[in-house]
Amino acid sequence: MEVIRYPNSPFKLHQPFPPAGDQPTAIAGLIEGLSDGLAYQTLLGVTGSGKTYTMANVIAQSGRPAIIMAHNKTLAAQLYAEMREFFPENAVEYFVSYYDYYQPEAYVPSRDLFIEKDSAINEHIEQMRLSATKNLMTRDDVIIVATVSAIYGIGDPTEYQQMVLSVKEGDTIEQRDIIATLVSMQYERGDLDFKRGSFRVRGDVIDVYPAESSENALRISLFDDEIDRLDMFDPLSGSLHQRVGRYTVFPSSHYVTPRDTVLRACESIKEELRERIEFFAREQRPVEQQRIEQRTRFDLEMLYEMGFCKGIENYSRHFSGKKEGEPPPTLMDYLPDNAIMFIDESHVTVTQIGGMYKGDASRKQNLVDYGFRLPSARDNRPLKFHEFEKVMPQTVFVSATPAKYEEEHAGQVVEQVVRPTGLVDPQTIIRPVATQVDDLMSEINDRIQKGERVLVTTLTKRMAEQLTDYYSELGIKVRYLHSDIDTVERVEIIRDLRLGLFDVLVGINLLREGLDIPEVSLVAILDADKEGFLRSHRSLIQTIGRAARNVNGVAILYADKITDSMKAAVDETERRREKQIKFNEEHGIVPQQIKKQVKDIIDGVYHEEDSGKGRRQGKNKVKVGEIHNEEDAIKEIAKLEKAMQQAARDLQFEEAAVLRDRISNIKENLLFGAE
């Protein structure tokens, strides 16, 4: 492993091998395009050609902060894991939606049904989001891997930066001032329960567990009103890591705002409320009039007393001081001016970004019309596409099948068709639909004997379920990947396929972009001649490409007629095959099978206990530690809470309840002493 540092670049690239194939020309072309000031470029890279490695080299050579946009959490997690391997010494961050579950606020007029907002926040991802914004403000060597969550409103970066607590050894500051500042930053005082986003006070020592940190806490030791020393320590064991001369504590939420901003926003909300009450009075709608007054006054009371309220994001326009219709502050506002953006699988991601606003707007309109929210709630929204275009830094679209938008906007198209491994695009075979199920059965058996895996894509959920049941009854180890499966479990299924826990994965639209499974040697596309989104030429090229990482890769398209989409997909695949074969012959390359270590691609994104191992290993037995003092008790509580959360995730509710009771007993003994 060679570590490379380019002149004037803060990045240290851990290079497992030098760029090869089309990579050197692609890297040079993109760097030249960035230097020439091209707003948009396209990297047309086939599956398995090392597009991620090319991106890493471009980032390292340019020396500029970067954001990589992906269209789903699975792909984002895969990119994040790879970028961390290339840049272990730099700030590689992960910015996706922190909701494990999210039910937005909504009103259904036909049934007079109001649905309250309900959500479950993944604390670890919330910490990573806060870490991303902190590093954007404090470091130059930052790479953010994000989903469309990046175009949704978060707190204003200017006000967020105003709310930091900067401490330095030798500073004169009273203990009560530090505590007051931490409370205003929405840190909780938890002398017993020391967790992320909290602080505790012990004599002249204040321990702060920064909201954006997963493993380090800050100890502020005071001597009278002077900061005597600052130490980083392990919040679980209490062991000191290092002494630091200065430290900046960032707020525990992106929505923290200074007190004077809150008061100004409250006055603005009152004015809008008055106008809305008058509107409903004129329209003779007393129910809506009373509803909006009651709900908004309750929120105002909370804002005056606490500085925040439930659903505070709906008042974001009043806090940011923006005019009606202006775009909300998003992650894009935190990016430095010299940032570069890569949009991975751009043929999907660009369309997805464009569609976010309209779905959100129709739901909000009902809430406004029926008095559940003030009209300003409409400005708590994702960016419209034209607004996103205005804030896009220099951008590289990355795709094997660029769509119309990329074709129209790209200043230059850089091709990366030749794979360094010499692997050739899969051979494409067309067979009749009539015998597709039985024909596929014999193909699957051939692959199983060779220790290879198979992906099967169908058109409907019902067909996928029936096919899975049928093959399962015949003794084939088969799983079905569908849209109801959450992100973590989806990653687990893909990992289990690679490990050989099953041999065949059936899906509908989930087997296309970005799935990196070198063990797959056969992709079967059922009903390939049914024209539509799932069988467009781009979809077919992407699906065929899933077998391109295997030296024996084959794609079978079951069809009774050859559609225009099929012809375009097969022709493009053949063009790429010929180019690769020619390259291999010229350079004497024998195609080599990719041997990629099987590990959890979300390693570092979700905790180890999230990886679903409990589901396969049965209940988690937790050894009870001996408790001699308060420090032992705090360690034991932290360990038991982890086990309790895992048991709940594994639906082992009785075990979770036992662990909860054990935690309660330890806390009671701490408070009142052992009986």
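Count begins at 1; order follows the chain as displayed.
Heads up, the Cβ atoms here are built off N, Cα and C, so glycines get one too.
Listed in Swiss-Prot for this protein:
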type: DOMAIN; residues: 32-417; note: domain 'Helicase ATP-binding'
type: BINDING; residues: G45, V46, T47, G48, S49, G50, K51, T52; note: ATP binding site
type: MOTIF; residues: 98-121; note: motif 'Beta-hairpin'
type: DOMAIN; residues: 436-602; note: domain 'Helicase C-terminal'
type: DOMAIN; residues: 634-669; note: domain 'UVR'
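Report note: the ATP site is defined by G45, V46, T47, G48, S49, G50, K51, T52, and the residues of the same chain whose CB lies within 8 Å of the CB centroid of those residues, excluding them, are T54, A400, Q416, R419. Taking the binding-site residues T47, S49, T52 in turn, the residue surrounded by the fewest other Cβ atoms inside 10 Å of its Cβ turns out to be T52. The Cβ of G45 (ATP binding site) has D22, A26, K51, T54, V398, S399, A400, E415, Q416, V417 as same-chain neighbours under 8 Å, each 6 or more residues away in sequence.
There are 24 other Cβ atoms within 10 Å of the Cβ belonging to K51 (ATP binding site).
Applying an 8 A CB threshold to same-chain residues 6+ apart, the list for G50 (ATP binding site) reads P19, G21, Q23, Q416, R419, P420. Over the domain 'Helicase ATP-binding' (32-417), the average per-residue pLDDT in this prediction is 91. Neighbours of V46 (ATP binding site), defined as other CB atoms within 10 A of its CB across all chains, total 25. Shown in sequence order, R419, T421, L423, G545, A548, R549, I594 are the residues of the chain, 6+ apart in sequence, with a C-beta less than 8 angstroms from the C-beta of G48 (ATP binding site).
Assigned with DSSP, the residues of the motif 'Beta-hairpin' (98-121) fall into helix, strand and coil as follows: 3 helix, 15 strand, 6 coil.
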